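Take a look at what Swiss-Prot says about it:
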- His109: active site (ACT_SITE)
- 184-329: domain 'KARI C-terminal knotted' (DOMAIN)
- Asp192, Glu228, Glu232: Mg(2+) 2 binding site (BINDING)
- Asp192, Glu196: Mg(2+) 1 binding site (BINDING)
Amino acid sequence: MAIELLYDADADLSLIQGRKVAIVGYGSQGHAHSQNLRDSGVEVVIGLREGSKSAEKAKEAGFEVKTTAEAAAWADVIMLLAPDTSQAEIFTNDIEPNLNAGDALLFGHGLNIHFDLIKPADDIIVGMVAPKGPGHLVRRQFVDGKGVPCLIAVDQDPTGTAQALTLSYAAAIGGARAGVIPTTFEAETVTDLFGEQAVLCGGTEELVKVGFEVLTEAGYEPEMAYFEVLHELKLIVDLMFEGGISNMNYSVSDTAEFGGYLSGPRVIDADTKSRMKDILTDIQDGTFTKRLIANVENGNTELEGLRASYNNHPIEETGAKLRDLMSWVKVDARAETA
């Protein structure tokens, strides 16, 4: 079934322009949403916890900063862009007591709604606007007169206006310039988590790490292994990003293409696909989310242990030394997402 694409001509920008919007969180997405909304003629305030380091950044950008509770009381549209694992607490303590019938609670990701970690009253509009790109790209494309495609979804629609309101919001941040795709909270949540775990983060990270180990354990220099399994990965991903897998295969050498066809299925085989299906099941039935919440309730001990183990892998030390030789690589790429 073909997806439905909506554009600026399908959106009524006046719907969001007639609302007071609180952006809760001023990170990668928060700064982009708030600035794009303001440039589209929407009244915006920023809601942050007391003592937040982001408050000064928001003020420097010209925004009024309130506590999250104050922002929720002031607004009739609240976009919750805080980290997934803190959203339920923020909702319970600061947002829920300040909601009125007909207010809209929006999300950039569906996890907390889909898995019932947040349960707004029935008279509250619940929707999602999820740009398919990082915040700095959402902002840069908007300034350039373009946009980043967005997903929108509706979970509760007591007024019959939720779809139009989420589309209006998406248009105000530039999404309808590129195309807005209506979906569901379930589809966005499950596919997003699966992509992160099985392919983008978990799968790719393990593939790179194990490839490095195979080469170094066979006696090859760590620097050579790093270049071949990690450094050149960007070239391949960029080619796929720009024109698909066929474009990548067209662009590499015949030797690389032929070897890839032969060896790829030996690495990612039917057993791998079966385990990926198991990962999908764990996401769908809530197993992963329960473990995520348990980790938070236990002070992030499991996450911190995993993080330390991965950060101490030999590929990290090798990579740090080699990146110092590359003037075109940012000294601290993490600053981009801070």
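Heads up, the Cβ atoms here are built off N, Cα and C, so glycines get one too.
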Quick one: give me the count of other CB atoms within 10 A of the CB of Glu196 (Mg(2+) 1 binding site).
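Its Cβ shell of radius 10 Å holds 13 other Cβ atoms.
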Could you give the mean pLDDT over the domain 'KARI C-terminal knotted' (184-329), rounded to a whole number?
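Mean pLDDT across the domain 'KARI C-terminal knotted' (184-329) comes out at 97.
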Going by a 10 angstroms cut-off between Cβ atoms, which of the binding-site residues Asp192, Glu228, Glu232 has the sparsest surroundings?
Glu232
By DSSP assignment, list the helix, strand and coil residue numbers for the domain 'KARI C-terminal knotted' (184-329), in that order.
122 helix, 0 strand, 24 coil
Around His109 (active site), which residues of its chain at least 6 apart sit with Cβ under 8 Å of its Cβ?
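Once residues fewer than 6 apart are set aside, His109 (active site) is near Asp84, Met128, Ala130, Glu188, Thr189, Asp192.
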I want to verify one value. Collapsing DSSP to three states, which class is the residue listed as 'active site'?
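DSSP assigns the residue listed as 'active site' to coil.
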Roughly how many Å lie between the Cα atoms of Glu228 (Mg(2+) 2 binding site) and Glu196 (Mg(2+) 1 binding site), rounded to a whole value?
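The Cα atom of Glu228 (Mg(2+) 2 binding site) is 23 Å away from the Cα atom of Glu196 (Mg(2+) 1 binding site).
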Could you state the whole-number distance in Å separating the C-alpha atoms of Glu232 (Mg(2+) 2 binding site) and Glu196 (Mg(2+) 1 binding site)?
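Rounded to a whole number, the Cα-Cα distance is 21 Å.
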